[in-house]
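Per TrEMBL, the features are as follows:
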- 221-253: region 'Disordered' (REGION)
- 6-30: transmembrane segment (TRANSMEM)
- 42-62: transmembrane segment (TRANSMEM)
- 74-93: transmembrane segment (TRANSMEM)
- 105-125: transmembrane segment (TRANSMEM)
- 131-156: transmembrane segment (TRANSMEM)
- 163-185: transmembrane segment (TRANSMEM)
- 191-212: transmembrane segment (TRANSMEM)
Amino acid sequence: MGVVHTLHFVFGIFGNATALFLFVAPIITFKRIIQKKSTEQFSGLPYVMTLLNCLLSAWYGLPFVSPNNLLVSTINGTGAAIEGIYVVIFIAFAPKKEKKKISALLLLVLTVFAAVALVSMLALHGNKRKLFCGVAATIFSIIMYGSPLSIIRLVIKTKSVEFMPFFLSLFVFLCGASWFAFGLLGKDPFVAIPNGFGFGLGTVQLILYAIYCEKKGFTKKSTPNESLEIGNGKSHQEEKQSSNNKKLKLEQV
């Protein structure tokens with residue numbers, strides 16, 4: 001039992017560390033969004049769903065809901081603050097249609113969290129409160145881990161990983177693996193089930209990255225000499241031809 005308890009603690013610490021890295025991994029993506037003043041083909045769905053998961057998990061870890069889980073609240077409270085910033089930035093730079101979509105999802109997320117919090121506080125007590133909040137957190141943890149599926153479809157369709165950030169995929173894998181082990185050792189299905197799903201999905205993302213990483217930045221039908229840059233609409237050959245035409249006009253003048 002001593003070894004199991006030690007391993008349980010170690011995986012808990014590692015889970016906290018990898019979760020923090022998972023939350024800060026998209027900084028590279030959002031630096032690009034701010035620089036280009038466009039969300040390009042990046043999806044805002046993972047950040048909105050991660051925000052909901054963090055809010056519900058932070059609530060679940062509070063002492064009056066689930067005793068002895070305060071570390072769950074602190075890491076997820078931190079994650080909620082970070083994800084909230086990401087969502088605001090994404091909405092600010094998203095196209096009009098995407099802006100409306102993500103704003104509506106954000107409103108839905110806040111409504112769901114408020115409903116769960118109010119029901120658990122006003123209608124439930126003791127183990128029933130813990131069970132209700134645990135089930136809610138589990139459901140939306142699975143949805144959070146599943147939200148990058150749209151990006152996985154894009155990767156398979158375009159055969160490019162440009163819009164599936166490597167570090168985000170890596171820390172989904174590490175975070176899912178560590179919390180899955182933590183849940184198994186602690187015999188906690190509310191932790192093991194969603195993170196086992198995340199572990200599997202992270203594995204799929206890394207496999208796809210290994211397959212398509214050499215084609216990063218190229219479209220499905222492009223070649224290294226005729227690649228189209230996202231948001232530009234011109235190939236390198238077209239740009240070269242345009243430059244030559246300009247030079248010709250200057251010489252004629």
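Quick reminder: no glycine exception, Cβ is built from N, Cα and C everywhere.
Nobody curates TrEMBL annotations by hand; they come from automatic prediction.
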Report, as numbers and ranges, every residue of the chain located at least six residues beyond the transmembrane segment (163-185) whose Cβ falls under 8 Å of a Cβ in that stretch; write 'none' if there are none. 4, 7-8, 11-12, 14-15, 18-19, 21-22, 25-26, 28-29, 40-43, 46, 145, 148, 151-152, 154-155, 191-193, 195-203, 205-206, 208-209, 213
Residues outside the transmembrane segment (6-30) whose C-beta sits under 8 Å from one of its C-beta atoms, at least 6 past its ends, are 42, 47, 50, 71, 75-76, 78-79, 82-83, 86, 89-90, 165, 167-168, 170-172, 174-175, 178-179, 181-182, 185-186
Within-chain partners of the transmembrane segment (131-156) [C-beta distance under 8 Å, separation at least 6 from its ends]: 41, 43, 45-46, 48-50, 52-53, 56-57, 59-60, 65-66, 112, 116, 119-120, 124, 163-164, 168-169, 172, 176, 189-190, 193-195, 197-198, 201, 204-205, 208, 212
